[in-house]
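Quick notes on the structure that follows.
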Amino acid sequence: MTNLRKTHPLMKIINSSFIDLPAPSNISSWWNFGSLLGVCLIVQILTGLFLAMHYTSDTMTAFSSVTHICRDVNYGWLIRYLHANGASMFFICLFLHVGRGLYYGSYMFLETWNIGVLLLFAVMATAFMGYVLPWGQMSFWGATVITNLLSAIPYIGSDLVEWIWGGFSVDKATLTRFFAFHFILPFIIAALAGVHLLFLHETGSNNPSGLCSDADKIPFHPYYTIKDILGVLLLILTLTSLVLFSPDLLGDPDNYTPANPLNTPPHIKPEWYFLFAYAILRSIPNKLGGVLALVLSILVLAVIPFLHTSKQRSMMFRPFSQCLFWILVADLLTLTWIGGQPVEHPFIIIGQLASILYFLLILVLMPITSLFENNLLKW
């Protein structure tokens, strides 16, 4: 009798994706983050579902409903903090996943990479709208500042902002629609992740060397299932430690003050995972210029495959490109730090220099260095 997992229409899909999938024998732990992102998404959808059962998307009761979840609902505090810190873990895994793709040249799988960029935008949109829902001071003012950026779009800007707000300011209509979008987007993300995997399995995984691995493949199960389980356990350990020991470490104290349109917080800033983009936005004095730089800071990822000038795919054997990659990482950490600082000297100039360096590295220095390394091969 033939094996059910190889014949049953549903099991066949699971089998070819997670069991009998031929995988390169040399992929390192940097390849774990795809599965970790899947786990993060499941955790976020489940905790979010239970939070939605008790949350009310009304300006009068939103803040107190979150308080009610934390105080009166059984393990509500745990669900709420798992959801809030789960978002941070999601972004840590996302940044490492994208970084891996950049380092090892995974962006050469064009369709997979572009769906990935789309996923990044979708996750960022979801996280932004989720941050508005508790209706604290930072929620309200963050929503006001970020949505207001759209007014920089020529001609239609002001109308567009009022259309998104559902009125003349961030109010009940805005909160209700943000809740609706925040609820539906994770399911769209899950569907996009399925398409992301579909395109990946058309080509097979890349590997650290960047060389073709067709001659040396091993089945995904048991080798990489065991490896992924280790990653999942470490993720759960980190997340639970964060939730149980210092749940507010990555949050903003201002969000424990109910939203007040008449009182502006001294420093309006987003969650830590948006600070690098926020720093780039603030480093340009012009409003439209800042908005364009903000969008391009993420959209630049879509251009990277076309700027690949090296004869080698991975950076494994390219020491100069490796140096630039780690400078880029340091630059992003600097931008993240600057995004959380007030707009004053010396932070303004540091932010501007870091923003210039960010685009310079990706668009100019890395392609030129790759060409230089190609010439080194001839020596």
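Placed from the backbone N, Cα and C atoms, the Cβ positions cover glycine too.
For the transmembrane segment (33-53), the residues of the chain that approach it from at least six positions outside its boundaries are 69, 79-80, 82-83, 86-87, 89-90, 93-94, 96-97, 100, 182-183, 186-187, 189-190, 193, 228, 231-232, 235, 239, judged by C-beta separation under 8 angstroms. Annotated transmembrane segment per Swiss-Prot: 33-53 (among others), in sequence order, evidence recorded as similarity to another entry.
As annotated by Swiss-Prot, transmembrane segment applies to 77-98 (among others), with the evidence given as similarity to another entry.
The Cβ of His182 (heme b b562 binding site) lies under 8 Å from the Cβ of Gly48, Thr126, Met129, Gly130, Leu133, each on the same chain and at least six residues away in sequence. What Swiss-Prot lists as heme b b562 binding site is His83, His182.
Under a cutoff of 8 A between CB atoms, and with a sequence separation of 6+ in the same chain, the neighbours of His196 (heme b b566 binding site) are Thr112, Ile115, Gly116, Leu119. Look at His196 (heme b b566 binding site): DSSP puts it in a helix. What Swiss-Prot records for His97, His196 is heme b b566 binding site, and it gives similarity to another entry as the kind of evidence.
Here the transmembrane segment (113-133) has long-range neighbours at 55, 57, 62, 66, 87, 90-91, 94, 98, 101, 106-107, 139-140, 142-143, 146, 174-175, 178-179, 181-182, 185-186, 188-189, 192-193, 195-196, 199, 270-271, 273-274, 298-299, 301-302, 304-305, meaning same-chain residues at least 6 beyond its ends whose C-beta is under 8 angstroms from one of its own. Per Swiss-Prot, the feature transmembrane segment maps to 113-133 (among others); the stated evidence is similarity to another entry.
According to Swiss-Prot, the feature transmembrane segment maps to 178-198 (among others), an assignment based on similarity to another entry. Residues of the same chain lying 6 or more positions beyond the ends of the transmembrane segment (178-198) and with a Cβ under 8 Å from any Cβ of it are 17, 37-38, 41, 44-45, 48, 52, 55, 57, 112, 115-116, 118-119, 122-123, 125-126, 129-130, 132-133, 143.
Secondary structure from DSSP puts His201 (ubiquinone binding site) in a helix. As annotated by Swiss-Prot, ubiquinone binding site applies to His201.
The annotation transmembrane segment is assigned in Swiss-Prot to 226-246 (among others).
With a cut-off of 8 Å between Cβ atoms, the residues of this chain six or more beyond the transmembrane segment (288-308) that come close are 98, 102, 105, 107-108, 110, 113-114, 117, 120-121, 124, 149-150, 152-154, 276-278, 280-282, 355, 358-359, 362-363, 366-367, 370. Residues or ranges marked as transmembrane segment in Swiss-Prot (evidence: similarity to another entry): 288-308 (among others).
Residues 99, 102-103, 269-270, 272, 274-280, 282, 310, 347, 350-351, 354-355, 357-358, 361-362, 365-366, 369-370, 372-373 of the same chain lie 6 or more positions beyond the ends of the transmembrane segment (320-340) yet place their CB under 8 Å from a CB of it. Annotated transmembrane segment per Swiss-Prot: 320-340 (among others), in sequence order.
According to Swiss-Prot, the feature transmembrane segment maps to 347-367 (among others). Beyond the transmembrane segment (347-367), the same-chain residues lying 6 or more positions past its ends with a Cβ under 8 Å from any Cβ of the stretch are 279-280, 282-284, 293, 296-297, 300, 303-304, 307-309, 321, 324-325, 327-328, 331-332, 334-335, 338-339, 341.
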The number of other Cβ atoms within 10 Å of the Cβ of His83 (heme b b562 binding site), counted over all protein chains shown, is 21
Rounding to whole Å, the Cα atoms of His83 (heme b b562 binding site) and His97 (heme b b566 binding site) are apart by 20
Taking all protein chains shown into account, the Cβ-based neighbour count within 10 Å for His97 (heme b b566 binding site) is 20
So His201 (ubiquinone binding site), by the Cβ count within 10 Å over all chains shown, scores 14
Here the Cα-Cα span from His97 (heme b b566 binding site) to His201 (ubiquinone binding site), rounded to a whole number of angstrom, reaches 17
